[in-house]
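To keep things clear, I will list the structure first and then write my remarks on it.
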Amino acid sequence: MTSEYLTPSKEKNDVASATENKEGQSSAYKKETETLSKKQRKKLMRHQKWEEERNLRKQKRKEKRQKRSLERKNQGEEGGEFVGRKRLRKEVTTSSPLRLVIDCSFDNLMMFKDVRKLHKQIQRCYSVNRRAAHSVQFNLTSLGGQLKQNMDKTDEGWVNWKDITVKTEAYHEVMAKEELVYLTSDSPNVLTELDETKAYVIGGLVDHNHHKGITFKRAQELGIDHAQLPLNSFVKMNSRKVLAVNHVFEIMLVYLEKGNWQEAFFTVLPLRKGAMPLGQKGTATEDEEEEEESDRDSDTAETVTPNTTGNKQDQQ
């Protein structure tokens, strides 16, 4: 007889050993969790819940895809005209001569985790511009260092992006200075209208306000025009008044389409920031997740400052 069949005594010992190991692991886990802080335990519990619900999320995504497929099929059977996303985008999109530039020259001022956030914001800008009703001429300048390394490593397909101009040189080296307008909240000039002959520069910086005023200072040093978005004229915000790179980019796109700053702000700004029309009473609620959410959204060049000069546009 082969040894593949366990004797009762050996089987009993194996069960006892497995139970012992399980109890030992449980005891070790309990001891480990007791040494964690309250915040760390919450984070661990969220991670465990995320892992436990992985299959459920996968099933929900599958059902959602099947539902969309069925809706498209039914639409075709009813004689409706179905237009795919890519085809629809080509049919309705018009290209504007206006240029939006992300200045990536602040690479050495950011921690790597913030560089990764900037990369995600750039991906978002590219995506919304491709789908926008009025797309702009999208430019990345001074691309290099940690940012390019991260893009090459985590998103190899970015080199095949369409409708974007990527330069290792600085924006003022590849564009005429008289055409440049740096968007910075420290500027006393308020942007009231968009000039499609201009190139509007957004500082590609995620620094959590460690380098306040750096974009304004840089614009002054180069002798180029600068302006801030008219946020203070339309919006009251009860959370930190900081916009991410992609928020500024999207606001410009929506304004280009709608021609209305207030509509642009309220279309783009995250609800958690408590944005409301200027003069409207109310208080935004900020829970414990505000800190984590703001960290995910990232801080960047467009920090709102009180408007002390009114709505006067910079005169050239």
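Cβ from N, Cα, C; glycine included.
Residues annotated as region 'Disordered' in TrEMBL: 1-82 (among others).
What TrEMBL lists as compositional bias 'Polar residues' is 16-28 (among others).
Annotation source TrEMBL lists compositional bias 'Basic residues' at 38-47 (among others).
Taken through DSSP, the compositional bias 'Basic residues' (57-67) splits into 11 helix, 0 strand, 0 coil. The annotation compositional bias 'Basic residues' is assigned in TrEMBL to 57-67 (among others).
Sequence annotations record features per position, and here TrEMBL assigns domain 'SAM-dependent MTase TRM10-type' to 84-276.
According to TrEMBL, the active site, proton acceptor annotation covers D207.
If you look up TrEMBL, you'll see 276-316 (among others) marked as region 'Disordered'.
Annotation source TrEMBL lists compositional bias 'Acidic residues' at 285-296.
Residues or ranges marked as compositional bias 'Polar residues' by TrEMBL: 304-316 (among others).
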- Looking only at the domain 'SAM-dependent MTase TRM10-type' (84-276), what is the mean pLDDT? 88
- Query: How many other Cβ atoms are found within 10 Å of the Cβ atom of D207 (active site, proton acceptor), counting all protein chains shown?
  - Reply: 19
- Query: So how many of the residues in the compositional bias 'Basic residues' (38-47) end up helix, strand or coil by DSSP?
  - Reply: 10 helix, 0 strand, 0 coil
